[in-house]
Amino acid sequence: MRGGGFVQIFKDFSNWSTVAVVPHVANANNKISRIFWIAIFLFVLGMFAYELYILIAKFFSYPATVNTEILFEKQIFPVVTVCNMNPYKYSVVKSNSAFSSVNTLMTTYSDATVGTFSTDKWGLYADNDETYDLDSRAADALVLEANLISDTAKVPALYTYADLIQDCSFAGIPCSESDFTKFIDPVYGACYSFNEDASLNYSVSREGIQFGLKLMLTVTQTKTNGNTDSLPTTKLAGARIGVNSRGSSPGLDSNGIDAGVGYESAVSVSLTQNVRAKKPYGTCVDREPDSSDYYKDFIYTLETCFNGCKQRDTIAKCQCANPRLALGSTDTACQPIKADLDCLQTLKGNQTSSTPNIDLLVECNCNPPCDESTYTPTVSLAQFPSTSYYVATSSTAGVGSCSSTNSKFSSKSDCQKWYNNNGMIIQVFLETLSYELYTETAGYTVSNVINDLGGQAGLWLGLSVISVVEMTGLMLVMGAFCVTGGAIKMAPDDDEIENDHRIKDVEDVKKEIDHLEKKHGEMESGSDGEVDDIENKGDEEKKKK
């Protein structure tokens with residue numbers, strides 16, 4: 001009985017279902033027609049299953065899309081960091097006992113460059129036939145030697161704000177030392193960051209060079225008396241410039257801009273913001289795990305992650321940390337000895353050999369930050385000062401203006417020449433107030449799946465919301481039938497049909513109708529006979545006459 005009940009349920013469903021093909025299968029007149037419609041149903045069902053698989057696979061691949069917006073609004077001015085490429089005053093290095101090892105290094109390097117061969121603890125003479133190798137090793141040795149000197153002991157040899165920055169203005173308004181944050185870089189010595197302090201509120205609502213930061217710098221490779229004050233290992237005369245968002249690492253050693261003496265360097269910057277999607281739609285992270293984060297004081301960037309990875313690689317291979325990069329609280333810095341310098345040199349790798357440098361993209365497992373602001377610089381140069389321009393500055397603590405009252409120079413032309421060899425102007429400004437915002441979002445959501453699923457179901461099976469309701473009703477009826485154990489009858493049995501008064505009433509009505517039709521037929525037959533008798537009688541009377 002239960003099997004028959006299910007059959008009856010499906011028969012009823014096929015009669016009123018809106019699902020494509022199902023009514024055709026149920027109401028087919030012959031076997032061939034039914035087989036044909038079953039084949040059609042299986043085909044469209046298979047196509048729907050294939051499309052469903054594609055939709056599910058696409059959803060679980062978690063694709064992402066990038067929305068691009070061009071925004072135009074008032075912007076916070078970026079942090080601008082300036083450092084002297086010459087980290088320490090050579091005059092102090094030669095006279096201050098705290099720098100005795102650095103002074104010995106400078107003397108040894110100078111001897112090596114002119115071919116005076118001897119032995120040394122840094123290995124400057126060993127296997128350094130190329131000038132580049134000698135310069136690179138001497139620069140690394142200087143960083144290691146300076147790392148052994150405390151920040152307090154370094155102060156006499158560092159360039160003060162007054163030594164480095166002769167003049168400062170922002171949008172034409174003078175700025176001062178209080179607008180800068182000082183820090184000591186392991187490579188460039190004392191550096192000064194403008195607008196780094198969160199209490200400052202330098203922002204711009206107009207673009208162009210007139211509404212940016214203007215600095216006059218003096219790197220003092222020679223003093224005003226003509227004595228050289230630049231270390232022998234300093235190759236370039238100028239400043240290292242960094243432009244970054246507040247809270248980010250300046251990245252001077254890898255991402256800085258070189259600005260040379262005797263020029264005005266105009267640095268126009270444009271802002272780009274990236275908002276990336278987190279897992280599963282993206283790979284961005286907010287921070288590294290604390291156990292491996294060397295740059296906890298800075299906003300996370302790919303650069304900080306790569307630097308931390310390089311530091312871990314250095315510690316693993318050299319058993320010491322490179323002072324050029326951030327050190328952990330328990331790390332031991334490499335010593336200024338040949339063995340450690342040799343190890344650091346090997347980590348740089350020979351990119352043309354089978355032992356290249358560490359592959360940061362493969363070996364470091366660094367992911368981009370979820371929220372990132374970057375400034376793209378464009379630099380243009382012009383000679384400074386011009387042949388007829390005599391430098392004027394409001395500063396009285398530094399070298400001062402090229403005026404006749406300046407006792408540091410014998411003439412205005414000598415002052416001009418000194419600035420040409422030691423001075424420079426830096427101008428940093430926003431190229432435009434518009435900036436690009438890239439927002440990464442989920443590219444295929446549940447809503448998209450439902451929309452596409454509805455389209456495919458309608459195309460291949462003719463399904464709609466009504467069809468879903470019908471199939472839901474079918475499931476409920478089948479469930480109720482199973483729960484009641486077949487007690488719910490899907491069709492009446494023979495006894496119920498025989499005793500159903502409604503059916504009997506219908507049969508009685510049918511019999512009565514048949515009887516009336518028979519009587520009506522007999523009456524019509526009788527009427528035709530009477531008409532014939534009347535016609536015959538009329539004919540006989542005519543004959544008699």
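In case you wondered, yes, glycine gets a Cβ from its N, Cα and C as well.
Quantities reported herein were computed from a predicted structural model and do not represent experimental measurements.
Features as listed in Swiss-Prot:
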COMPBIAS  514-523  compositional bias 'Basic and acidic residues'
COMPBIAS  534-545  compositional bias 'Basic and acidic residues'
DISULFID  Cys83-Cys191  disulfide bond
DISULFID  Cys284-Cys370  disulfide bond
DISULFID  Cys305-Cys366  disulfide bond
DISULFID  Cys309-Cys364  disulfide bond
DISULFID  Cys318-Cys343  disulfide bond
DISULFID  Cys320-Cys334  disulfide bond
CARBOHYD  Asn201  N-linked glycosylation site
CARBOHYD  Asn350  N-linked glycosylation site
REGION    514-545  region 'Disordered'
TOPO_DOM  1-34  topological domain 'Cytoplasmic'
TOPO_DOM  479-545  topological domain 'Cytoplasmic'
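Annotated features, which come from Swiss-Prot, shown on the structure.
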residue : record                      : Cβ neighbours (10 Å)
Cys83   : disulfide bond              : 27
Cys191  : disulfide bond              : 26
Asn201  : N-linked glycosylation site : 9
Cys284  : disulfide bond              : 19
Cys305  : disulfide bond              : 24
Cys309  : disulfide bond              : 20
Cys334  : disulfide bond              : 24
Cys343  : disulfide bond              : 16
Cys364  : disulfide bond              : 18
Cys370  : disulfide bond              : 18
For the topological domain 'Cytoplasmic' (1-34), what is the mean per-residue pLDDT, to the nearest integer?
74
Are any of Cys83, Cys191, Cys318, Cys334, Cys364, Cys370 (the disulfide-bonded residues) within 10 Å of Cys305 (disulfide bond) when you go C-alpha to C-alpha, and if so which?
Cys364
Nearest-integer angstrom distance between the alpha carbons (Cα) of Cys83 (disulfide bond) and Asn201 (N-linked glycosylation site):
23
Is it possible to get the count of other C-beta atoms within 10 angstroms of the C-beta of Cys318 (disulfide bond)?
18
Quick one: which of these disulfide-bonded residues, Cys191, Cys284, Cys320, Cys366, have their CA within 10 A of Cys309 (disulfide bond)?
Cys366
Among Cys191, Cys318, Cys343, i.e. the disulfide-bonded residues, the one with its Cα nearest that of Cys370 (disulfide bond) is Cys191
By CA distance, which of the disulfide-bonded residues (Cys284, Cys320, Cys343) lies nearest to Cys191 (disulfide bond)?
Cys320
Cys83 (disulfide bond) - helix vs strand vs coil (DSSP):
strand
Reduced DSSP state (H/G/I helix, E/B strand, rest coil) at Cys305 (disulfide bond) is helix
As a whole number of Å, the Cα atom of Cys364 (disulfide bond) is distant from the Cα atom of Cys343 (disulfide bond) by 20
Inter-residue Cα distance where the pair is Cys334 (disulfide bond) and Cys343 (disulfide bond), in Å
10
